[in-house]
Amino acid sequence: MALTAALKAQIAAWYKALQEQIPDFIPRAPQRQMIADVAKTLAGEEGRHLAIEAPTGVGKTLSYLIPGIAIAREEQKTLVVSTANVALQDQIYSKDLPLLKKIIPDLKFTAAFGRGRYVCPRNLTALASTEPTQQDLLAFLDDELTPNNQEEQKRCAKLKGDLDTYKWDGLRDHTDIAIDDDLWRRLSTDKASCLNRNCYYYRECPFFVARREIQEAEVVVANHALVMAAMESEAVLPDPKNLLLVLDEGHHLPDVARDALEMSAEITAPWYRLQLDLFTKLVATCMEQFRPKTIPPLAIPERLNAHCEELYELIASLNNILNLYMPAGQEAEHRFAMGELPDEVLEICQRLAKLTEMLRGLAELFLNDLSEKTGSHDIVRLHRLILQMNRALGMFEAQSKLWRLASLAQSSGAPVTKWATREEREGQLHLWFHCVGIRVSDQLERLLWRSIPHIIVTSATLRSLNSFSRLQEMSGLKEKAGDRFVALDSPFNHCEQGKIVIPRMRVEPSIDNEEQHIAEMAAFFREQVESKKHLGMLVLFASGRAMQRFLDYVTDLRLMLLVQGDQPRYRLVELHRKRVANGERSVLVGLQSFAEGLDLKGDMLSQVHIHKIAFPPIDSPVVITEGEWLKSLNRYPFEVQSLPSASFNLIQQVGRLIRSHGCWGEVVIYDKRLLTKNYGKRLLDALPVFPIEQPEVPEGIVKKKEKTKSPRRRRR
């Protein structure tokens, strides 16, 4: 479709009207360029897909919404906007689209959040009830759906009242009533525990109401994980050919895709035996009480028992083999080099893939048959079986995918990382098997790039080391396929608005020197606090261990520090804003996650402290396997993995400072390697152009090291 004169005029008119809605609106050349580039791509005038880096201040959200809505209307398609996290998803849904509705009054939009963000009205009814008899219909859930105390029951009753009177849409983020994670776990549900159309509350369920709204909406705000799942199952979203897709925070897409395709399952032999026994009893109950018209051959008891016995024997053999690779009687992990399994293990995985797929098919057949049963049956008993069969289906579906992935030598032209872990839970050791592909470009090509005609991938940071090459390698987007890559200029004058400060540290921030380095950092930080030049400050660390050591050096300043983990992030930011607005000094302290999505302007944040260059951890099975694979191709893992990732992290961290034309301040980076190592210049060259200063560091007093036991963390 060509960009007609009428379409261009519509886009221009909306853009002009938008300027009147936003106080102190500043027209910016990069924003106009982005609107034009997005329009040309979505209309099919230029290229297949567009990856466009839009630095802070460009106004990227409105720059893709305006042309996206115009072209979606012209082509009678749905515009799907996908983000990486709920916070940005909600911002677009609750702020940006309502703003556009002021200039496009008939605009219809909705949001597609994950099932776990919505309340389950069935569970809410049970938890809000004061009469045990009212919960009888919910007894089939096999879950504890009773309030822990009277206060919790009253809170649930208030939530139910708000839901029933349409004061609340059922989204966790859209109520002011405090809901802790434990309560929300019981209030919400997942796919395996949802009765879907069989549920009494189906028509009024917030999750399904939102899903039905998608059919009528012109704009749907989703998230990357949901989009990936929808493209895989051809559900929720419109047909790929009938939608336009914008992937905001697009730099997260490869990781989200990899997470979605990672498979893990418990394979502890006694536990597995129990699951198989429960399934055979479940099938027997279905055959006895809700016999299907056509009997599946595998449902015949003798055949099913033999099938499950073979499956168990293979699992038991796999347990014995995997345990030989790990020290006995303790938590442990074993990774298979280059993802290559011994022949014996590979043969077991291939057979397990077939056997679990057959059980998945059997569970699906029974589930479909149960869902079609009429009201002449005992509804409570029927629903209990539906839930149990749904959970069995979920288990065998995951197992089937796991063993299929384990049977593959490669995925997207790269090895599949495969490893086993032994973990202790409630005094018992459990064995798990894990698989994940190093590259997901083939899957992204199949699900997105080849299926949807035109896609916009955007973010404030898409490049690392001034190059799109890492994004291209990880995502599968490529110029020879007609994809375009554009980096817009920043609208800010960084050279005048701020500077980079690299203190003359005596040591590098290595593990061996960490204590002395932290002591020097704390001394310089204390000097900055005492100067009282800055009200709002941010301190970012590469690890929780380093952050805690730093806090040990500044205990006397603790009241001014708002530390990640003390409270939810949004509350820390709210408190920080209030303090600075009242003329008080306030310091946010956190890890890399604090470097993304934090938007504090002017005095709210005028000094950013960065502990060190944040190279990615090199001890995860995925990173180690990727390193082995790169070396086998005569590629240098540091250049391909570590340096681009560190550059990306540093760009994001530095990007917290200048958020508007009125912002000013300093970025303090406590890492001399930026000036002493060859790669340091490349990292600095990828940052906005700031003047650089190198002040002296006051003497730091190194505290005596205390032996601390590092907490074990699950690695991927």
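Using the three backbone atoms N, Cα and C, a Cβ is placed for every residue, glycine included.
What you are looking at is a predicted structure, and each value in this text was computed from that prediction instead of being measured.
There are 20 other CB atoms within 10 A of the CB of Thr56 (ATP binding site), with all protein chains counted. The ATP binding site annotation in Swiss-Prot covers Ala54, Pro55, Thr56, Gly57, Val58, Gly59, Lys60, Thr61, and the record cites sequence analysis as its basis.
If you look up Swiss-Prot, you'll see Cys120, Cys194, Cys199, Cys205 marked as [4Fe-4S] cluster binding site. Counting every protein chain shown, 20 other Cβ atoms lie within 10 Å of the Cβ of Cys194 ([4Fe-4S] cluster binding site). Reduced to three states, the DSSP call for Cys194 ([4Fe-4S] cluster binding site) is coil.
As annotated by Swiss-Prot, domain 'Helicase ATP-binding' applies to 17-294, with the evidence given as sequence analysis. A mean pLDDT of 90 is what the model gives for the domain 'Helicase ATP-binding' (17-294).
The domain 'Helicase C-terminal' feature in Swiss-Prot is assigned to 517-698.
As annotated by Swiss-Prot, motif 'DEAH box' applies to 131-134 (among others).
Residues 51, 60-61, 64, 81-85, 88, 92, 224, 457-459, 461-462, 471, 648 of the same chain sit 6 or more residues outside the motif 'DEAH box' (248-251) yet have a Cβ under 8 Å from a Cβ within it. Residues or ranges marked as motif 'DEAH box' in Swiss-Prot: 248-251 (among others).
Each of Pro121, Arg122, Thr189, Leu195, Asn196, Tyr201, Tyr202, Phe207, Phe208 belongs to the same chain as Cys120, Cys194, Cys199, Cys205, is absent from that list, and has a C-beta within 8 angstroms of the C-beta centroid marking the [4Fe-4S] cluster site. Counting in whole angstrom, Gly59 (ATP binding site) lies 43 from Cys199 ([4Fe-4S] cluster binding site) by their C-alpha atoms. Listed in chain order, the extra residues whose Cβ falls within 8 Å of the Cβ center of the ATP site residues Ala54, Pro55, Thr56, Gly57, Val58, Gly59, Lys60, Thr61 are Pro30, Gln31, Met34, Ser63, Ala460, Leu488, Pro491. The DSSP breakdown of the motif 'DEAH box' (248-251) into helical (H, G, I), extended (E, B) and coil residues amounts to 2 helix, 0 strand, 2 coil. Around Lys60 (ATP binding site), the C-beta neighbours below 8 angstroms that are at least 6 residues distant in the chain are Met34, Ile52, Ala54, Asp248, Thr458, Ala460. For the pair Cys194 ([4Fe-4S] cluster binding site) and Gly57 (ATP binding site), the C-alpha distance works out to 43 angstrom. Around Pro55 (ATP binding site), a 10 Å sphere centred on its CB holds 21 further CB atoms from the protein chains shown.
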